[in-house]
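Features as listed in TrEMBL:
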- H630, H634, C744, H748: Zn(2+) binding site (BINDING)
- 42-787: domain 'Alanyl-transfer RNA synthetases family profile' (DOMAIN)
- 414-441: transmembrane segment (TRANSMEM)
Amino acid sequence: MAARIGLVKQLNCVLLNTKLSVLSAGVRRCSALSYSESHKEFTSKRVRRKFIDFFKEGHEHRVVSSSPVRPRGDPSLLFVNAGMNQFKPILLGCPDPRSEMASYRRVVNSQKCVCAGGKHNDLEDVGKDVYHHTFFEMLGNWSFGDYFKVEACAMAWQLLTEEYGIPADLLYVSYFSGDVANGLPADEETRQIWLSMGVRPDHVLPFGMKDNFWEMGETGPCGPCTEIHYDHVGNRNASSLVNADSPDVVEIWNLVFMQYNRLENGSLRPLPQCSVDTGMGLERLVTILQGKRSNYDTDLFTPLLTAIHQCSKAPAYQGRTGETDVGQVDMAYRVVADHIRTLSVCIADGVYPGMTGAELVLRRILRRAVRFSTEVLQAPEGSLASLVPTVAHILGDAYPELHTESERVSSFILILYADISLCVFFFIFVLISVSIVLLFLSASVAWSLHRNLGFPLDLIDLMLEEKGKMVDKKEMALRSQPEEDDEDRVDQLDLHSLAELQSQGVPHTDDSPKYCYSLGTDGKYVFQPCRASVLALYCDGSLVSEVSEGHRCGVILDQTSFYAEQGGQAHDQGYFTKDGLQDVLFPVKSVRLAGGYVVHQVTAAETLRTGDQVQLNLDEANRMGCMVKHTATHVLNFALRELLGPSVSQRGSHCTANRLRFDFSVKVQWLSELQQVEEFVQNIIRQNAEVYVEEIPLSKAKQIMGLRTIDEVYPDPVRVVSVAVPVSDLLNSNSSEQASVELCCGTHLLRTGAIRDFVIVSERQMVKGISRIIAITGDEAKKVVDITPIPQWQRRELQTRLKAMQKTSNNTIRKLEIKEVLMKTVLQLSKSTPDSMVMLLSHLQLSGKVLCACQVPKGSASGSALKWAHSVCARLGGNADGSTDVAKGEGKAAKLTDITDILHWAEEFAQNKIRKAS
């Protein structure tokens, strides 16, 4: 079979060679003329559209919309950073077999990507050059078990040279040269494909693992890749500049051939199904097609740069970099233009600046944008938010959510801008030691600035970098290292085991028994018993036929009544018993889904074999708790929408037997309506409304008015859950009758009365505009009401009044705290650099007050701390007190530029004193 496949590929290659050689000759004869004339025609919108249409119309690819930049259920990523992220379930062999994704074979799309934070982080490089970005668009086409190397190369070359008209002699291709350590041969097949298509031999170049072998991560699918590079100069042989970090020769398209799987032990194993994953950055492609050398000179950025200039006091953007960019003005333009794109896309997708994970990274991006906008460009407050409509105008055709969410994004940025610029700290280190300039700042000092003053670590790095200094990274890593999570690892089926199950004909698990329950005559729920056969056992990374006592393993059954964790509902608990061993229990630790198989994680209490018959014993109290909380979550979602309006948008939820958590965004102030939300839910509980469930085609379900969905990949057909109104009525009615109706795979009550009671025990803002509600039900809710003097909504009323009373005192306390911490930090800095003069300034922007603290070495001939502080504060209309060694004071500054000036003056004052003393 392998020989036959190889022959077919060779024949295909010959046929393509005949076709492409004729075409490429024609392209080379007219490329210079057509390419020069095409610059004006290739707007970014047209470039993007042509890419999609080429694969859709010409090569039968399915167009899949970009996923949001928040990864779907992938904790390994902060942001979607590649086009393949949303297709990882396919590459890992575990898509839901009932979902549309499981049917994907040829796919094309333009994916929104964010490259900031984590392993792939371009944040600190943005602005310094003309091609780094935190947000970018990745054009890509994929083959999942369909075409492979020949077709992928041929289509890429045809699109670039024929459709886009790029001259072939400006293109170079690289291929994988092999790696002895990994036992990988050179990818001669790909080399021959390019040569057979007429690419010149000196334009086909070999490279090793670093450049031409792509890996998803430490483990997982990987394979050789072939890259297409573009020479901006032309009329030369630029092969030596490929992969040499030259701005003149840049990579534009990467074609990855997924052939292997990297295992945990580092070895490589051939994949059961080969795939193609390609990616081409839109920004770089548009730069080439519009005849530019800088991404920022294309129509993806020029409207933004113009808008920034109109709302700033800086001169117009000139595209300068490095030393020629005096005052970093052009760098600031690039930072603001890039960062406002990222902020707009992320906030529109539901990622908001916050204090952890992706939210913290976004907060850093906003902070960096604020700093360059205010300090360098001297733009007024509100200028960042005013740029959002321009972003929507540029990108909104491809990503319509930018239009629909534009107003909300602007308001968020406006609010967050005020918060971030509330208290901006500026600090200056005058570090003198005979002839040695201190290059490292101790981590203890940096950590103190961060912990005590809330000073962002990345901003400390940025400002020190401007002074030619840096933080001791090794020590900082030790201080900031999070505690290890010692939770027991849960084994998951790997893609080879999944492929083995499928090749053996092991059927997907029938989990419909999880929905088999009814209401008894006594009003209690009755769960039907479930017997099952053990079809497969997964232990230590492979499928086995037997597991001995004491070993942990994954158990796959022909059917199960256990609910696997998904859709925001916790997995079921319980145990198995084997036929003939009713007294031996196999506790079920967790239940997970993998490619249509339900995997029960158990520790064998006795030898367990494939073919064994088991009785499943569900923890009914735990299941009932989950059902109650899940139905209550749907009713809460409906109540919020009804009371607060259509701007309510679910951002996440989780239901356990003990409580429910619901995260949502809303445009309006709503805390005054907390009591009404509770009462609305309780009213539906009192109605004992019927809960309807129906499984229907996904396309039909999406036609239901008022349907609530979130960003998930839904199966087809899909379960629709409605409260009080039958699903059939919602399908057949065009009326505006309101009802709780959602797509949901969870287990629900049959009537709402079983919720019994509902109390919101906590509400807080996760980040600006995102609220989290935690609620309890039933007896727990009644107990809370009995033992709590006032419910949550009344506490909120009191808290609102208290906040107003506390505001004045808090401001006073904060000023005292800042003064105390300023001096403490100065002392720490002086201790770590005993021969240095140190001054730290803090600017409170709302009041305009500037706090100052400084210290000079004892017995220093370079001057008095009091004189230094007094001179600085006097220039700010203030005063200082202290001694010759330590002093503090305060003054006032109306704007940030005043602070910048005084920083330079303070440094010059100290330098003059040092020069006189020496």
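Glycine residues also receive a Cβ, built from the backbone N, Cα and C atoms like all the rest.
A quick note: this is a predicted structure, and the numbers were derived from the prediction, not measured.
Note on C744 (Zn(2+) binding site): other Cβ atoms within 10 Å of its Cβ, all shown chains, come to 23.
Counted within 10 Å of its Cβ, the other Cβ atoms near H748 (Zn(2+) binding site) come to 23, all protein chains included.
For the recorded Zn(2+) site, residues H630, H634, C744, H748 set the reference point as the centre of their Cβ atoms, and the other residues of that chain within 8 Å of it by Cβ are Q569, T631, T633, V691, V721, E742, G746, T747. Model confidence over the domain 'Alanyl-transfer RNA synthetases family profile' (42-787) stands at 89, taken as the mean pLDDT rounded to a whole number.
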